Amino acid sequence: MAHVDRQQWDVVVVGAGGAGLRAAIEARERGARTAVICKSLFGKAHTVMAEGGIAASMANVNENDNWQVHFRDTMRGGKFLNQWRMAELHAREAPDRVWELETWGALFDRTADGRISQRNFGGHEYPRLAHVGDRTGLELIRTLQQKIVALQQEDFERTGDYESRLKVFQECTVTQVLKAHDRVAGAFCYARESGRFFVLEAPAVVLATGGIGKSFKVTSNSWEYTGDGHALALLVGASLVNMEFVQFHPTGMVWPPSVKGILVTESVRGDGGVLRNSEGKRFMFDYIPEVFKEKYAQTEEEGDRWYDDPDNNRRPPELLPRDEVARAINAEVKAGRGSPHGGVFLDVSTRMPAETIRRRLPSMYHQFKELADVDITAEAMEVGPTCHYVMGGVAVESETAAAVGVPGLFAAGEVAGGMHGSNRLGGNSLSDLLVFGRRAGAHAAEHAAVMDRRDEVPAEVIDAAAAEALAPFRAEDGAENPYALHQELQQTMNDLVGIIRREAEMAKALKRLAELRVRARRAGVEGHRQFNPGWHLALDLRNMLLVSECIALSALERTESRGGHTREDYPSMDRAWRPVNLVCRPVEPAPADPAAARIALVRQRTEPIRPDLLALFAKEELVKYLAEEELYE
Amino acid sequence: MSTYEARFKVWRGDGDGGGLKDFAVEVHDGEVVLDIIHRLQATQAPDLAVRWNCKAGKCGSCSAEINGRPRLLCMTRMSVFSREETVTVTPLRAFPVVRDLVTDVSFNYAKAREVPSFVPPKDLAAGEYRMQQIDVERSQEFRKCIECFLCQDTCHVVRDHEENKAAFAGPRFLMRVAELDMHPLDAAGEAGLDRKRAAQEEHGLGYCNITKCCTEVCPEGIRITDNALIPLKERAVDRKYDPLVWLGSKIRRRSEG
Amino acid sequence: MATGTDPADLATGRGGGVHEASRAAIAARHLRTDRWWLAPALTAAGLLAFVVYSTWRAFSNSDYYAAPYVSPFYSPCLAENCVPMKAGPNWEIFGSWWGLSPALLILIFPLGFRLTCYYYRKAYYRGFWASPPACAVAEPHRKYTGETRFPLVLQNIHRYFFYAALPVAGILTYDTVLAFRDASYAWGHAGLGTVVFLVNIVLIWAYTFSCHSCRHIVGGRLRHFSRHPVRYRLWGLVGRLNDHHMLLAWTSLFSVAFADFYVYLLATGTFDDPRIF
């Protein structure tokens, strides 16, 4: 086997989105030599797509807000399945994480008294989202990117080398997390530009790779979202929780076909946009679920009053949590009351003056103008659900973000599971990235610091990783086209494990996934290793297939509907499932037959919610969520 | 829904050479150039290298040149071309080519490092920052930048003169200097850093001859020339070429001191 | 600007700029398929026409006064050899030794203002110097130093020409007021020429206030608009004018030439000023 370059670092962060960069900043500030590795160019990560804002209870707009209210909203949004300690830490620490961004140069929109302005969002009781127009994610990523550059400038002053203590390996991909002596020892990577392999040896690896949306056909996610971190974790012995919970954002573009799935920000509704069906009816009033009946307006008049007088009115049901809205849209379309291109109408044009729309929703205005020839100041948008976010992810310790069962492995951001329970509230992802990115960075640095003896990765481990990565070039006759395989996978997941799920379909999905696994073994590519997208996709297929298997398996197992998991055959929430997590673990040893299942599913009881946190809720509310036996405790 | 076959010329090659290759490819309603490039990958040229990411004009990855004009592949609709027209797609021509449509944009990352970062005010802790909306709006416009580097690509100062790359930061990073100089709380001055002077002396502001190509290509519609570069030039004049302002500030400093 | 004008080595396809060895090997200097040459060609033609016309008129030293109108090219008239204009802008600062056309004394200021104007710079760099001819079209110069050294570094004194343009515009306003007389200097009258002068002076002021230096001076240089509400509003107003700087540059250029031409027509007796009241 050819010689493979090795470099030694203290912490390796996989992914350069919000969580990865925040982790890297923290690790470097705590003295760890830190490498960040990302598939795209530095500053292009999927975080830039986040539009609405960062949820943090700074109480700048409504002084009644505090971390307890935020915690409550988060738990309700997640239908109480959240890893409660994570939700607590998140709600407590989010304001500090936002304020700290300002000291790094971020410029949020302001209130009249000069503080950070906060906007309304689905599921949040008070205006809570710090934002910059509708490009908050861009502001976040740019601020973190510029903070990294600032740290590199410091290092340059001190050492004469910008990259001596913090380096970004852009356009590089990790194909395996490497272990030695049963703990993390590094990562096996290739550079996309040259196709060359290299190994970053480090005692701590932080996974911050984001989500899995590219396994679905209609998605708001970018090509990077192939579930890399989920798969890397599984392959190194970690487990995934709650993988059945996939959030379908209610409002994605539905036309033209080439942009189907691209996100229409929730701020459209937060700022006054309403949903109507083809009969012109504001149908969301028909879809307020029992648990939320007291919290939402029952009439259009009350809902409209709320925008100006939120203290004396209840919010309109367009601002229900995302899972509810997505299901409602799905049902309207199914009932034949959809828009011409199979969505429903989202209208701001009749609700706000054109000038206000252009100022508050500039990128939405341009997105529709340029991609669909629709002027949102004059006509309604057509929208429908799009795969947006995975609540499930690597099982982690709440405090440290350490992956359960693999010393030296950490996970933060979308790749980590637990925080959002069965459904994430809008705005909670950016704050999640910052809160747990920082925690992961801090604990990875600490872990690296106490590991005085560094493990060298054995040569045969590296050779095996290289051989796996090169397999697509050795495909014989009858090689499969990776693009075709990918499309089939997306179609399978979309049709059979999509927004509304049925037992028979999911069983069929598992069978198809097994077939695809067999065929993916034969995925072949043309050309050479230098910037070859066919090869990159062939390698990503392994990850998408693994993750898809976890989703289908868990979704089949959970016989209830909750948050981002809706079963047609079990349409209501079942309190008995509340304290149950479904955990995916790799079958060990990995079966030689590619058709055999790679994932074993385990039911795990969740840790009881701390009494003082339970006390934040009214008894009547808890009765709706908690399982019988939990109520007695 | 209508479909037709379009003729494309796509540059294929690497640093050692290459050329425009002809393709005939199906086009559907509402598609953008990036969709066509993806169709080429999936059906005719699986190893065709292209950089892309969000496909919604938000990340600035898929920069290339279409019919000779720097553009985002994902924001260029096929409907802007006639059906008879041959669409030519090449990589950015101001940067070294890596392969096919992918170029080496490291120039931009090197320039980003040369701009001193935001300097937080010493007397304010996190959470104590107070800024008025009208004071942050100018810098906010520049922070809309998605770093697609189309402005860097089209700017003739470096596009047509490789040797100027060392001295010239390019529109994107001069705009970054302007952004920081207009930031209401940037404490660079207190730290002994003169961003206005540095723009002229270290980042090559004088090379800009305000021909506005950067503004023309900006997919975010940022008015780079009018709102960043010219104001920055005027600020540099304050520091370097305007004796009245210079005298005024001297007198004021003395009376304050 | 460019110090050499040799085209890069186009024959080999590997020269400077876009033909640099590291860049994608494309022989063409550009691949634009639109009529990119149209805008610089029109710009060059328009500017050239004005230069030819104004040079002729500035050196002609005649036919610049037809009571009550004075050509804006000759106002204020600063030498003794000026035509006496009743209550008009005769200030004989330069005395009798000046023998050339008095227009040359004053035109330096508006000329300098426009020559260093950010819009005109773009226009003539593109139109006359092909630097660049159009966006993403390779320029034919081997070297380029922009406005970093003499003489182009002098473009930085634009704001002084702006200051100078203010009194000049003031005097032209005065001339416009004087145009509310008839040929025998009786007040309260107006002719077509008065309208021409009015339109011209409005455009001149609009162009002058839409200047980028003006925008900087009234408010652009501030760090905190919120502490200077009046200047912030002024900055906003100037900004709105500044959005149309190019349009104002052309229309005011045309109107000033037309005002002069109108006076020329009257002075030579080619045309009689139609009286309105």
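Backbone N, Cα and C define each Cβ position, glycine as well.
TrEMBL labels come from automatic prediction, so no person has curated them.
Noted in TrEMBL for the protein shown:
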- A:Arg322: active site, proton acceptor (ACT_SITE)
- A:10-430: domain 'FAD-dependent oxidoreductase 2 FAD-binding' (DOMAIN)
- A:300-320: region 'Disordered' (REGION)
For the region 'Disordered' (A:300-320), distant same-chain residues with Cβ under 8 A (at least six beyond the ends): 62, 120-123, 126-127, 269-270, 272-275, 282, 284-285, 287-289, 292, 294, 328
Three-state composition of the region 'Disordered' (A:300-320), taking helix and strand from DSSP: 10 helix, 1 strand, 10 coil
Segment confidence, the domain 'FAD-dependent oxidoreductase 2 FAD-binding' (A:10-430), expressed as mean pLDDT: 95
For A:Arg322 (active site, proton acceptor), nearby residues of its own chain (Cβ under 8 Å, 6 or more apart in sequence): A:Gly122, A:Gly123, A:Gln247, A:Phe248, A:His249, A:Pro250, A:Glu266, A:His388, A:Asn423, A:Arg424, A:Leu425, A:Gly426
